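Notes follow the structure.
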Amino acid sequence: LRMHERVLSASPNWYCSRCSDVNRRGVLGFGAKSTVYLVKVTAASAAVLGELSGHTERVSGFAFCQHDGQESVCATSSDDRSVKIWDIEQKAVLAEHTAHQSTITSIHWSPVEKGLVVSGDEKGIVVCFWHGRNDTHSFFPEPRTIFCLACSPHNENHVAVGYKDGMIALIDISKKGEVIHRLRGHDEEIHALAWCPEPKEEDLYSRPEENTADASNGLAEVGGGYLASGSRDQTLRIWSTARGKGVMTLKLPFLKRRGAGVDPGVKERLWLTVHWPKGRPSQLVSSCFGGELVIWDLTKSGKQKWTLLGSSADGQNHSRIVFNMSSVCVGDRELLISTSMDREIKCWDLASLDCCWTLPTLGGFVYSLSFSPVGTGFLALGVGDNMIRVWNTLSIHNLYDTKTYWQNIKSKVTALAWHPAKEGSLAFGTDDGKVGIYEAYSNKPPQSSSTYHRRTVYSLDWGPPIPPLSFGGSGDKPTYSLYSCGGEGVIYQHDPWKLSAEASNIDKLIRDTNNIKHNLSPHTDFSWKPDGKVLAIGNEDGSIEVLGAPGLKLLCTIQQHHKIINTLRWHHQHSDQPELHCLLASGSSNAVVYIHDLRSAIENPSESPILVTEAFRSLSGHTNKITSLAWSPHHDARLVTVSYDGTAQVWDVLKEEPVCNYRGHSGRLLCVQWSPVDPDLVWTGGDDFTVQEWAVSKQEHARPPKSKRRVELEKKKAPQKKTKKKKKAAGKGGLKTEENESPMGEEEKGGSGADEAQSEDEGEDEERESTTPLSDVFCESDNCNWFVLLFLELSLKKRKPRSMLPLSTSMDHRPKEELQQDCLTLAAVRHAHGQQHNMDSMQLNEHIQLGLFTDREALCRMFREEGKNHLEAGHYDSVMYLRLWNGDLVGALHVATEKGELTDHLLSLAPMAGYQVWARTVEAYVKQLCLQEQFLKAASHLVSIHKIYEAISLLKAHQFYREAIALAKARLQPDDPALKDLYVSWAAVLEKDGHYTTAAKCYLAADCNFDAAKVIAKKGDVMSLKTAANLANLAGESNLSHSLSLRCAKELMLSQDWLAAQDILRIQDTLLGHRLVFCVSELLTQRLSVTGVVSWSSASSHAWSKPTEEDFLSAIQRVWQSEFGLATADLDQIKAFHQQLRAIENPSATASMPIKQLLSHVALDVALSVVSQLLGDWASAVEEFLRAVTRGFEVGHFSLMAEMCQLLLPQGETLSFILVQGDERSLFVSQSLEAFVCYQLLYKDWWKHSCTSATTTANSLKHTNDHQTPLENGDTNHERETGSQSEAQAAEAIVKSEGFWKVLLSEPHASLQATKRVIQDIQSRVSSLVQQHSRPQEPQPSLGTQPQTHSTDLDDELNSSEGPGDPHNKQRY
């Protein structure tokens, strides 16, 4: 038997992959907070059947058993890490397990194995639970967070698992969770998985490459079947589980709603759930971006495979994202159930694709209920999810016809009141103190009052205008004013015609009318008598004031309650018994409802207010505070009350008897309304997120449960409470603190719901007017993390400051008798006329707190005692403040200085004691700040007493150079030595730390230009060198600029940036010689790049460096003349250039030298040779030619040597003019140069004729042996004797003959050279041993060994291609 008639339940939980399901009988189950609600589903309507309560935290998953005969069995998972098996008919737990160690994220009942429930958690653990035999097995297929899972309907061992990173794993639970396939394709978390109801993998589309012959292989037999997945990446994918691959990808359509497009880049509010209806293997239902549902025809060709549900009429779709879907056949209609973030459950007909019905749900506490007095049956709900709902309770076609209002509401709706005469005008109050009026039958946003309460609005009511609003004619003022009571204890009167005008506080009128001088007690509730003549106000101290309108004359005061008044209601005026019209019902936090008959006080008011201390009726039975009450409009003196004990009680007031007790809620009750049309129906709302309609006549209980039962429930649920707050002191409004009693059933709320219930209890139970706890504000959504909220609430909790007068304060906590005796003693002292009372006689040494209420001498004595106590406790700041208050400023500063407790506040007071005291205090404070490492603040205080140098030294000593320089430049002369010292010191530190640019700035500021350029150049990169060179040039440091420019140019040359290199060399005129060398180097690089010797590309180059047909040496002279202004006729200029070039370092080449550096040295040799030609010094020119050629030979770079020969001697001609001069040195140089030319020509010919037969080689060897014998034996004298012209021509002919180079480069000749190198090595070692042996006796080397050494050296020079030595001697042959 259901206790209720209709219910608006709590909203389904958000962000769960499967938190709702429907069985074959048409029963829908969904998780809401820690509870599961059961709803009977038909094509016409829905009805809440009941709920399953047992979890202590949020329900994260729900699934029915879909096997025959097991329709009433279901499984739930929760954030409390438990899985429970339920019987929904018995509403009892059949089995459960707690195998998970982490939060459970998904659950599914196997469609094949009726006893198997599979669940997964955020750590990646999959648990299989066979509840029939109470057996669990855990698997760990992947170390990833599980988002969803689905058991295969075709294979009892296959489970598909979707992960947060977008991967899907198909596992086999019979093989210990072995992964069969890993399906990769999604980029973000998997929201839902759905199996195709048919096992065969039919062709879903017409892509021929996928239609393979696998269909003949029996895919169904191996556990195949299509699997659909929805992901946050905005795509749906269809997978073949037999082949382990994707077969189709569907992208969500961007549907337009309300004339606006959906931004595809916004993924935060996307949840893509999928559902594959039974019997429809080719149709798939999915959610979309903004709450729309689409059905996909998987066999349809073309781009648009989808059809929108609910497109036949506006307003059918959800307004926010959809989380879960499930389908069921009811009769001949197939229905789809969807749950959404918009807190609505919708039913869809899959045949017509239209919405059948909508079931609204609630996402917060139900704070207020109000029936419209004009629109019969319209019930307004004020809910903690920041929305107002208006429910047409008399609708015939739709039992849950509800409209939602949310515009301009930013907080929980805590109070509601319909206008007594104007249809559709609804006033509302919110948790943030806002008061407004909604016009329910229009689409306009609400009007808001410009006056805000400082705390929560708890009560609203319409009543007659009172001054000042009542002044004026009848047409100038509204018929009704809106009154609001807030948590700060104030009642405002608002003008509904001008809500933007400032509201008036009725306390002013009450004081003026009744001549009240004292402060009024903070108000907590009020109620206008239906006839508008009397106003009842409940106060924080438990008193009730009854005032007559419009002047608010105080008629009587009720002193019955001893705790805060929570609710007041007048009896209705249409009773046949006039004596009942003046009955006032009141409820407070002491759980007793009092009824007062105020007829005599209202009808026959006296001159002075009457004090009422006896109640007309007392209604006892509730076990916790009373939160709301309502008189039945259909009965005389029948009252319904609701309480924190979780029950609603109907009373017969006149008989003081209970009629019935309703216990259908699972939490505290907050509001109640009697049906205006049915005398048997009552509506209640509470913190269980529900509104319930129930019949008085159908309740089996007559009175509330005993408090003993509540204590037992608390003991059972006690371990589940997370926090316990202490009692709060009365806030600024002075509201009273109450006992912290938990309501019955609140512990049954888990997860976010439990947090909300508990936090709401803490705030409401301690003081109704207190600010709503932070956790309540956050937790009214379905998903919140309790420990995060607890941290936020604790972090914002204010710490009570330490008392300045602890001794006197502690003496106010003595027994009541002693405190009252203090009052008598103090009164006797203050009202003793003409008598002087000695303080000692009053024994103020024992009761020093009385010094606060007597003369100054007693106060000073109290200060001294308090100061001693603070010194002993180490509270030096309190000692200082006490002395300061007593006028002893010097003493306060002395204490603070000794204890190191000086503060900016005390320092600001020091000048009151004189300059010297202030200066000493500043110096002491500076020392204290230095100990606290607050050096900047310390320096600032030194500046305040004009100690500039000390402040600068302090900053410098602690490495605050920037601040020290700023202070020095601001306060010292520009030429002060301290400033330069700061710059130099800071520069040294910066240079050490590698901050070269800032260090250079410091050196420049200190006029150390040389050091500035040097420090910038330290980094060594091109930009730094260029900057340093320019800086040195600007500063007049020519030598430094010269060296830095040259370094920078060399770096640029290595990077082949020729334009920048020439630019940097232009800085100094002394670098013109280097510019000429760089010019030759660029020309040489460009020529060699054409032949392939240079493989790199230049970053930049000049136009004149491009290779032409012009002779290389001629091109050099032309560019020098045109670009660098070299005049060939000006011998002095050329000589100067020659001296600059000779001064350039030109070391010998080594085998490890980089090719770019080698080319620069070659370029220098070529430049010197060209300048020597211009000067007519041909001998030097030929020597430089030889040096340029031999550098390639020395490093083993034959290609470079050959190309240099080709560039310098294009035709291979000898320098016969040198031979004619007869200079022996020139002759040797010329012959060496000719030898290199011949060598490279021989090498080329060798490769051309490398295929010549061996016989020809042997004959050539016999023919040429006579000519080569002297040379092979190393006889240089013989070579010199054959220096005639005829023999030279003969030798040239021999060289050009094929036989010569074939013999020279033959294998026998190579073997002969190798043998000679071995002999040379032996001779060298013997010579070294002889020299070491004869060195002490004979300092001169042995003459006998010299010819051999000379001979072997010559052989080595002739035969080795890499040996050291002078190129002029090494190459003669």
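In case you wondered, yes, glycine gets a Cβ from its N, Cα and C as well.
TrEMBL lists 52-96 (among others) with the feature repeat 'WD'.
Across the range of the domain 'Gem-associated protein 5 first beta-propeller' (67-199), the DSSP-based residue counts are 3 helix, 68 strand, 62 coil. As annotated by TrEMBL, domain 'Gem-associated protein 5 first beta-propeller' applies to 67-199.
The repeat 'WD' annotation in TrEMBL covers 224-249 (among others). Distant neighbours of the repeat 'WD' (224-249): 150, 152-155, 158, 160, 162, 166, 168, 170, 180-183, 185-196, 198-201, 204-205, 210, 214, 264, 267, 270-274, 276, 281, 284, 286-287, 296, 298; these residues of the same chain sit at least 6 beyond its ends, with a Cβ under 8 Å from one of its Cβ atoms.
What TrEMBL lists as domain 'Gem-associated protein 5 second beta-propeller' is 378-686.
Positions annotated as repeat 'WD' by TrEMBL: 619-653 (among others). Across the repeat 'WD' (619-653), DSSP classifies residues as 0 helix, 19 strand, 16 coil.
The repeat 'WD' feature in TrEMBL is assigned to 662-704 (among others). Sequence-distant neighbours of the repeat 'WD' (662-704) (same chain, 6+ residues past either end, Cβ-Cβ under 8 Å): 1, 3-11, 32-33, 35, 51, 53, 361-371, 373, 376-377, 379, 381-382, 391, 393-394, 621-624, 627-635, 640-650, 743, 745-746, 748-749, 753, 756-757, 760-761, 764.
Summarising the annotation, TrEMBL assigns region 'Disordered' to 695-776 (among others).
For 718-730, the entry in TrEMBL reads compositional bias 'Basic residues'.
Residues annotated as compositional bias 'Acidic residues' in TrEMBL: 757-768.
Across the residues of the domain 'Gem-associated protein 5 RBS' (1112-1360), the predicted structure has a mean pLDDT of 61. For 1112-1360, the entry in TrEMBL reads domain 'Gem-associated protein 5 RBS'.
Taken from TrEMBL, the feature region 'Disordered' covers 1261-1289 (among others).
Among the features that TrEMBL reports, region 'Disordered' is placed at 1327-1373 (among others).
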Summarise the repeat 'WD' (662-704) by DSSP state, stating how many residues are helix, strand and coil. 3 helix, 19 strand, 21 coil
As a quick check of your reading of DSSP, tell me how many residues in the repeat 'WD' (224-249) are helical, how many are strand and how many are coil. 0 helix, 17 strand, 9 coil
